[in-house]
């Protein structure tokens, strides 16, 4: 049952990542093929970078099912684009659950490779966030997570909770996993609801730091 | 003779990819070293991403000859930049032949790794298109293939024809390969000549889809 | 003593790369987490691309110490951002020493993998320059090294000197290394002091080269 729950969450996360990519590409007036590429990259980008860094086979290369899910999500996004506002909350929830699970998967893969907890946390953050970063690079804009949202921060908080619980507490694995995902969902929901923002740096002098 | 033909097409494709990168970089007023990097990345970017995804040695790391070809093409592009308009048609043809062959090479490498046909098609498209995508990211513009041209679509059509013919028809390998390349060249030429365009998405509401 | 010197130079280079990334991110008003990511990517980007191309384990995955150094440099950059102008010269020198050593490390890793000198030189340039290129892509601007500075050129000059000396001269290894680093530092310092610029391409016709 635990395996099945994970599988369902992973699919929901993939769907919502793919749809977020597809909507962003349609806003920029891409053609359907471009929309598909952006949806694909947003969904699998984070895991791909993680697997390349770990030097293990890239997960989607042997998983046609996930490619089919992304394709179907992309079609769905194209069909319902006028109603996008209506199911924004649903997508937000899917996306948060997906972010939570993706972070955990990244941390776990790091632990399996016997890496230091800090590196595992980095891999979790990469799995959760890099899909969106690559999407924004392809859309030629500054990645939003750097400027606007408690997104990467939710990843970091969740990953730390997960690592701590796995290492030092004796709860069952399934419980720790669910608890981490709920933490990430709650942090993100509260952040959006109460418009939390991390303070930014203000930089008045107009000068150049590159040397 | 078949091997030699492939070799010649690969060289012509590399030359035209390198020159397209060099011209684009010169238009942005890069210095000669920047022009060389962009030419290099445009030529080898697609194959590099493909080889990294497959986890096999990156093709140009052991192939100094191809690096020399790129270097020479880049020098040539710098020398003839004023006449660029004059041999635009030649470059277009080289580029289409190269695109065709690069797509086939990508599909073949996927088949050799016993991957699903859909993944092979993806690898073919990546080999053909990612060089241009990385070039456009470095030039800080939205990759053109997402918005303007029947380019990736030609890759997909050609790759599908190739896969179908290799799997289900009993023609000789050389014939299938030449037929695929001709298909891609014809699709692109017709697309440019009759200004085919894939319909794009229009998006009237000004709002933000990132969550 | 030689090992220790290398270690110190590598740390100084990492610090200055991280700080250059952090300052650039703060100028774009990123939040602290975004500043950390940019600092990290600027420091380890070049070496990461090199290791992935070589198909060897990525260096920082097993090196928590270097991650700590980057984290500390980033904190430091946040604290002293108002005084950034004051220690610009210090940072410039650290950065040049780091560039020199990073270039040498890249060339050496290529030589250990028995690659052609041209490919080794490419790997040296990638190690020295790609961190800054990825930083600029994430900040959504055209990488500065393509347009403004004798930076990649210093890498190339230094790498060539190093390769030549290692292959054909009988000096001790430590001497060659120090000589290379000094060459890179001197080339960059003279270039900045006397405002050397490589001539750029001027391109008058407004037309499109993509095909």
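Note: Cβ is positioned from N, Cα and C throughout, glycine not excepted.
The feature transmembrane segment is assigned by TrEMBL to C:6-26, C:33-53, C:59-80, C:87-107, C:113-138, C:150-166, C:172-191. Here TrEMBL flags C:8-80, C:93-165 as domain 'Glycine transporter'.
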Per the Cβ under 8 Å criterion, with at least 6 residues separating them from its ends, the transmembrane segment (C:6-26) contacts 34-43, 66, 69-70, 73-74, 76-78, 81, 84, 91, 94-95, 97-102, 105, 131-132, 135, 139, 177, 181
One stretch in C:33-53, C:87-107, C:113-138 has more Cβ pairs under 8 Å to the transmembrane segment (C:172-191) than the rest, namely C:87-107
Taking the transmembrane segment (C:87-107) as reference, the highest number of CB pairs under 8 angstroms among C:59-80, C:113-138, C:150-166 goes to C:113-138
Top stretch by Cβ pairs under 8 Å to the transmembrane segment (C:33-53) (candidates C:59-80, C:113-138, C:150-166) is C:113-138
Across the domain 'Glycine transporter' (C:8-80) the predicted model averages a pLDDT of 89
Across the domain 'Glycine transporter' (C:93-165), DSSP labelling yields 59 helix, 0 strand, 14 coil
With the cut-off at Cβ under 8 Å and a gap of six or more residues from its ends, the chain residues touching the transmembrane segment (C:113-138) are 17, 20-21, 24, 37-38, 41-47, 49-50, 53-54, 56, 99, 102-107, 144-145, 151-152, 155-156, 158-160, 162-163, 167
Residues outside the transmembrane segment (C:150-166) whose C-beta sits under 8 Å from one of its C-beta atoms, at least 6 past its ends, are 96, 99-100, 103-104, 106-107, 111, 117, 120-121, 124-125, 128-129, 132, 144, 173, 176-177, 179-181, 183-184, 187-188, 191-192, 196-198
